[in-house]
Amino acid sequence: MVQLTDAFARKFYYLRLSITDVCNFRCTYCLPEGYRPDGVKSFLSLDEINRVSRAFALLGTEKIRLTGGEPSMRRDFTDIIATIRQNPAIRTLAVTTNGYRLVRDVAQWRDAGLTAINVSVDSLDPRQFHAITGQDKFYQVMQGIDAAFDAGFDKVKVNAVLMRDVNDRQLSAFLDWIKPRPIQLRFIELMETGEGGNLFRKHHVSGGVIRQQLLEQGWQQQDRARSDGPAQVFHHSDYQGEIGLIMPYEKDFCASCNRLRVSALGNLHLCLFGEQGITLRDLLGSDDQQDELIARIQSALQTKKQTHFLHQGNSGITQNLSFIGG
């Protein structure tokens, strides 16, 4: 099998596939004013999703994560899961969700073939959760995480965007929460975007602060599998849960990059903070275009840069994280 490899010998096993940029939350670090449609958009159809996922599978992709926006806003979300999972080469099919539909739908997603779930929970304080997300749905999301375990998921990942003077002093509360639960809690450093410069300057804090606290408390870093995301994961014998740290401003963060992104409009993005994407959609209309689609993906990858330029304050075309799913 051909394996996607770039000019810096990095191998790519992981595709983050956005299926919508619509979201019903108004998170302060992403869409503080809520989702505002910019004209009429036509997101990838079920057939187009099938074709792009199949092409990446033929290029060695083992893991696909469905992102948004909020992926479950798609009425055909369960069908999307089932369609991708028909391909045995895709060993892991994950979703990142705000969790508001978990209680109702997670068992159905599991039955359709979903293998992994990430849920965004930036605070364990219901009032602060409401303030961050613009939605009074903390308890509904918590019930949804329980529903995921009931549906048969043996682990749930929970994402929390780390923000100074918001949740950076809540480590002990989060640790108490995951001690009896098989939850991998992932602290994600706040990243600068085109629309979020002021927020970044006010609230960014390095994940290294959390890492130092974990090491002092006896947590140990574990090795990463080839299709894992960018988190540094820590475990402790006294805890069922784990802690992950995603620190894009850390030296050599990009050296282990193993993932590519396709937007809900069918553009290939080589980096979350890259420039204009490469269109794939004109090659998603027919199965007969598969060879040409594969060739375009391979050719485009050779232009991927060695690193992002966040340290220079350059966030590329990413205006907010709903744009291509973070």
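From the backbone N, Cα and C atoms, a Cβ is placed for every residue, glycine too.
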Swiss-Prot annotation, GTP site containing Arg65, Thr96, Lys157, Arg259, Leu260, Arg261 - matching residue among Arg10, Arg16: Arg16
Integer mean pLDDT for the domain 'Radical SAM core' (7-240): 94
C-beta crowding around Arg16 (GTP binding site), within 10 angstroms: 22
Euclidean distance between Cα atoms of Cys271 ([4Fe-4S] cluster 2 binding site) and Arg259 (GTP binding site), Å: 8
